[in-house]
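The structure under discussion appears below in the form of structure tokens.
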């Protein structure tokens, strides 16, 4: 996990900073640095576009295989999910890498790139009074994060190594908490060292100029860092089977799959309350201190310990795959028990990672929206947006409602894609079992056709990611060119508000169903929950299967919806303004 965490953060910063130094040769004067930061926005757009396909394509790939393998294997034939007799098992294990490692990594890389780009665009005027060091302060925050994560990684490996199964989850949690605490002094030193004693920043709304001090910037970053930790821990409370909410869901399986669904969906909606309040506080606090620049800094604070966040996140799929290999290689059942204990903690850390990703995406897209407004003001010489965005403008309000619909349309498309691909997978697995019934023998002489299942997943993910991807990419472009910049601002805000709620609730519902199933599997056959193979377990498997596309396809992909739409609007801001002075072709 650490290889991925540190490699991603290191490479991301290295390439970003060298690109900026390259552009600096072309724009040496501080007055021209606004153009430099604008060129850099392409970096965020590139990261997000690939993340879109990594997340959506990967999510469809992994869940088509997972749902297919679960439905035919566990529910119909009663064989374990990673049993070598199940034709979909290889596709399922490959899918963990595609969706949870590649998808998650590209998603968080996109967040990291875009939050830095937004902060640079909004804070480009700082370079005039503070110089280059003050302007690249956002990158300095992230780079000090790498060193903090490096120091804290020794806690898990050398200071308090894990000695029993119970310590796994707490060891991962200690990583997150310790990095957050250490970030506080680290960023204070960075702010004092690189920012001048006072520096000026143009207001996003109105004509005022803010006079800022280093401690204000530090406080904004810290708000983000602590907000991220709180959201991570709340997510853990709602998705780990060590706590009440998931145990309630597990108990609801006693009366069948329907009550399990009701409880799980309710848990997801309820779990959005605290994260949303935290986000609101962070946005208000950082905006009051440093205007939109503060929000961008808070987004960077959210991702400041990204190296550790990714480490404990990628840990999950690695353990999951290890368990799959142990079962396919028919190793001693004790091996599988160990990997399952690691994997259960991995499920929770994956949920914490998703909480981080969603929270940071919300702040990032708000910061990018601020950068979009800054950009349009610059292009129009303050003719547009000088007093902010008017929500009561009929066009803005109309598109606010349309923007709120986009995440739902997107979730519908991705859920349906998983459903279609899973049905195809079930048919294929069932066909193999019907044609060769001896595949289900205790020790079959013949292997199932794994390749056919891998081909189904690959085809489905490539074909099915086109409509949702196209919708997210073309909606802001057509809106801006046809209806103008007011419509775009409504669209972005609407999409942001709806996507946050939907993403948190979907991810947590899915995580809770998955861990409720694991909690029931741990119970002994003579206990209340009756353990593996019972009717209670079957009801839990249904919930887990429904939760798969919730938590691994639609939920996490929604944070790319809000970011990608915002960063596209920022990159094409000048194009929108060029069409009838920002009024669009229709001039409504």
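Cβ atoms here come from the backbone N, Cα and C positions, even for glycine.
Where the annotation comes from TrEMBL, it is an automatic prediction and has not been curated.
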Annotated range (TrEMBL: transmembrane segment) out of 104-124, 314-334, 335-355, 356-376 = 356-376
Out of 7-27, 356-376, 471-504, which stretch touches the transmembrane segment (293-312) the most, going by CB pairs under 8 Å?
-> 356-376
Do the transmembrane segment (215-239) and the transmembrane segment (356-376) come close, with at least three CB pairs under 8 A (pairs 6 or more apart in sequence)?
-> yes
Give residue numbers and ranges for long-range contacts of the transmembrane segment (260-287): same chain, 6 or more residues beyond its ends, CB-CB under 8 A.
-> 219-220, 223-224, 227, 230-231, 234-235, 238-239, 245-246, 248-249, 252-253, 294-295, 297-298, 355, 358-359, 362-363, 366, 500-501, 504-510, 512-513, 516, 539-540, 542-543, 546-547, 550
